[in-house]
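The ATP binding site feature in Swiss-Prot is assigned to Lys6, Thr165, Asp166, Thr207, Gly208, Gly209, Met210, Tyr211, Thr212, Lys213; the stated evidence is sequence analysis. The substrate binding site annotation in Swiss-Prot covers Ser46, Asp133, Asn145 and is backed by sequence analysis. Sequence annotations record features per position, and here Swiss-Prot assigns domain 'PUA' to 272-350 based on sequence analysis.
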Amino acid sequence: MRIVVKVGTSTLTHENGKLNLEIMEKLVRQIANLSNKGEEVILVTSGAIGAGMGKLNLTEKPKNLPQKQALAAIGQGLLIEIYEKFFNEYGKITAQLLLTREDFSDRKRYLNMSYTLSNLLKWGVIPVINENDTVAVEEIKIGDNDTLAALVASLVEADLLIILTDIDGLFDKDPRIYKDAKVIEVVEEFSDDLFKIAGGAGTKRGTGGMYTKIQAAKICYNSGVKMVIANGKIDNVLNRIAAGEKIGTTFLPMKNPISSRKIWIAFNAKVNGFLFVDEGAAKALVKHGKSLLPSGIVKTEGQYDVGDCVAVVDHQGREIARGLVNYSSEEVEKIKGCKTHDIESILGYKYYDEVIHRDNLVVLERGEKYGG
């Protein structure tokens, strides 16, 4: 079994921001045990900024990016040094990977990363992954390690993603407000209600709240990866989950997951523009799996070239699909709303009948509201 384990800052650190070495050692022991049983394990770890905070005795995470990056630069070396020391005690070799959004959005780098991780796992090495917080600016930030872990799980076609946090799972309502709140044991399908009850920001030392974990579950759902959210301080939690024990909240994957190439289009490729479509075109895409023709496009936004990824937005302002375009933004501006047989007379040439062919288009399971 191939398992990705994500552990968050709030689990890895004390209240004062310093690393909780006891928790880290227990985590490493469990991962080493899984590896010794023949499981392939990847660790996605937060904690670099928290480690930097502890080193400087800071108790509040700074808001501005340069200070966060400076703390990450201080903390990342300390974090990996501790992991390496603990894993060495169990005879395990680690490999550090620091990633940015560009490593996922660039198709060649994405595939190369897949080959690298496959080789490390084949050699019995434990890859330790974090976002490269020191260099990531807003344009290339993944933003949170819940999403990073889901993207990695999707990339390596993992069987299971375990997200360890400081709460017991996804509750049916906010447990900080409602004393009768209960953990949802199994989620089989996605609905807007999951995002509504997921809440917002994380803790003082962390980035991802429950909302980001639901977004991660959405990626896993479409990728065919089972995901579990559980409390990282439960005794032997990783081995128990891997053995099938019901702990926390389990998100089941869809029965017919999207192909790996379409997963890349849906969740990894950089969105360079937006195509706004009428009701008929939206129905053709979502209900009937058709290609997007120019006749259904009412507006285009952004600058994009042939082969770039764009988001498709319906008449209600919801993002319903993503796909790779056959025409540039300048060309789409000229042919939007026209029939396919008019493309050549308008442009002087015709590459394709479709602006996005259905083979290069992914309908999203849940439409996010367009924010442009």
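From the backbone N, Cα and C atoms, a Cβ is placed for every residue, glycine too.
As the structure is a computational prediction, the values presented were derived from the model and not from experiment.
Features recorded in Swiss-Prot, as mapped to the structure shown.
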| residue | record | DSSP class |
| --- | --- | --- |
| Lys6 | ATP binding site | strand |
| Ser46 | substrate binding site | coil |
| Asn145 | substrate binding site | helix |
| Asp166 | ATP binding site | coil |
| Met210 | ATP binding site | helix |
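In terms of DSSP helix, strand and coil, the domain 'PUA' (272-350) has 26 helix, 25 strand, 28 coil. Asn145 (substrate binding site) sits 9 Å from Thr212 (ATP binding site), taking the C-alpha atoms as the reference points. Summarising model confidence by region, the domain 'PUA' (272-350) averages a pLDDT of 95. Distance between Cα atoms for Thr212 (ATP binding site) and Ser46 (substrate binding site): 14 Å, as a whole number. Across the fold, the C-alpha of Met210 (ATP binding site) and the C-alpha of Ser46 (substrate binding site) stand 15 Å from each other. Note: the CA-CA distance between Asp166 (ATP binding site) and Ser46 (substrate binding site) rounds to 13 Å.
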